Every structure is written in C-alpha cells, then in structure tokens.
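Okay, structure first, notes after.
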Amino acid sequence: MDPSHYKGNHTYVPVSQKGYWQFEMGDVLIGGKTTGFCASGCSAIADSGTSLLAGPTAIITEINEKIGATGVVSQECKTVVSQYGQQILDLLLAETQPSKICSQVGLCTFDGKHGVSAGIKSVVDDEAGESNGLQSGPMCNACEMAVVWMQNQLAQNKTQDLILNYINQLCDKLPSPMGESSVDCGSLASMPEISFTIGGKKFALKPEEYILKVGEGAAAQCISGFTAMDIPPPRGPLWILGDVFMGAYHTVFDYGKMRVGFAKSA
C-alpha cells in the first residue's frame, strides 16, 4: 500500500460472502441521526465499477429529501416547460404537425417520421440494423411528453395558464429511470453529513464528497451521489459503496486475510 494515499489506520471488516467483496455494515446516519434501516445490520460491497453510492430506496429517498434532491427527469421536464412551454403551445395552436414541434424548437432532430413513439421506433429500427438518426436525449423526451400532455389539455379547452401549471405538476411526478437526482449547487453548505458504520466506526461523507458537479459556471448541474437500488433477499438488502465512497476512503482489498479495509484518503 502507498502510505501517501491515506491518513491514519485502516478499519478492517471480514468478507462475509465471497464472490463480491461483501461485508456487514451497521447503521446509516443523516446529520448524525439514525435512519434505523440498517441498525440491525446491512450487507455492503465496495465496488469501483459503480460510480455512485447505491442503497435501498427507503434510505436513499430519506437522504435525497434531506439534501433537497429532485429527480433529474423532473428537472429536465420543468426546464422544457419554463423555456419552451409557451412556444410549444403556440405551435400547437397554430396547428403545427405535433411530431415536428420538438425539432422546430431545437430539442429533437426530425428525420421525416419522428413522432412521440420515437423511442420505440428507434429500438425497432436498431434491431433491424438501421439507425434512424434520432436524437432521443432527455430534453427531447421531455419535450415529446409535454406535446402529448398539452394536446390532451387543449382538447379539453383549458386556458394556457392552466395548461402550463398542470404540465409542471406532471413533471414533479416523473420518476427518474436511472434513479439520479439533482440538487441546488448553491445549497451544499447547508447539507448534512451522511455516515456509514463499518467495523463499529463511522465513515462520514461531506456534501462536497457526495455531490457530483457536472459542467461549469451557469450551466453547472449538481447531481446527488446517492442512487436507489433494491436487491431482494437473500442477497439483499445490499449497499454498493461505489466511487463516491471509495474516493473519500482509501480502500484495501486484502485477499490473503479475506478482509476489506477503509481509511481516510490523503
């Protein structure tokens, strides 16, 4: 081991199950307060192949609520509504072909057959060995959903203000497919420490360690380093301490003694 990479001594725990570097972990604390979920013990693996820190939905939801995280998909949806909502409505009222609207506002690319089923169509086309060149990024997907929702609301003769408010409410209900959540970059100072009990010792993560910053300046987005992953018994519930944790804590995989060790990174 290179001593320049860690401070102090390592805390070691035995491998509880071979196959993964799996070990037993104790309570998870938010701002020093127990979440109760792992008070009687949880299993965990240290895995550099996982970028984030994955855990049971029940605790990840608690953590994300405490740090003010919202689903990335919800936020992308709200961005589309706030920046392009009026434009999309105007185009619909002008009887623009709905499948062309998102390309007209610049959020999707149109290839002559781009409709709201673009995602399904592209999968089918890919299986057939054709790529239809669609840009099905998250903003494009959010735009397509907004078009469908707005069409339905216009058909019910709702006012423009009511429609935009309703679309915003729908955005809030969108689950994130990959479980990623974003936070306000300006509120890191008020976020709590999140601690994991390993070998009877608390390993705390500060906000700057568990929040990932993507981009620079006004375009910067801050992503929660916690993601939900429910692994059923008997293998689960299982925490995966990925790069977010391993960046903060120097990790030793001791094959000879079948144990895993953690010390503060230098």
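Cβ coordinates come from backbone N, Cα and C, glycine included.
Residues or ranges marked as domain 'Peptidase A1' by TrEMBL: 1-263.
Annotation source TrEMBL lists domain 'Saposin B-type' at 72-112 (among others). On the 0 to 100 pLDDT scale, the model's mean across the domain 'Saposin B-type' (72-112) is 88.
Secondary structure of the domain 'Saposin B-type' (136-177), assigned with DSSP and counted as helix (H, G, I), strand (E, B) and coil, comes to 31 helix, 0 strand, 11 coil. Among the features that TrEMBL reports, domain 'Saposin B-type' is placed at 136-177 (among others).
Helix first, then strand, then coil: DSSP counts for the domain 'Saposin B-type' (72-112) stand at 29 helix, 0 strand, 12 coil.
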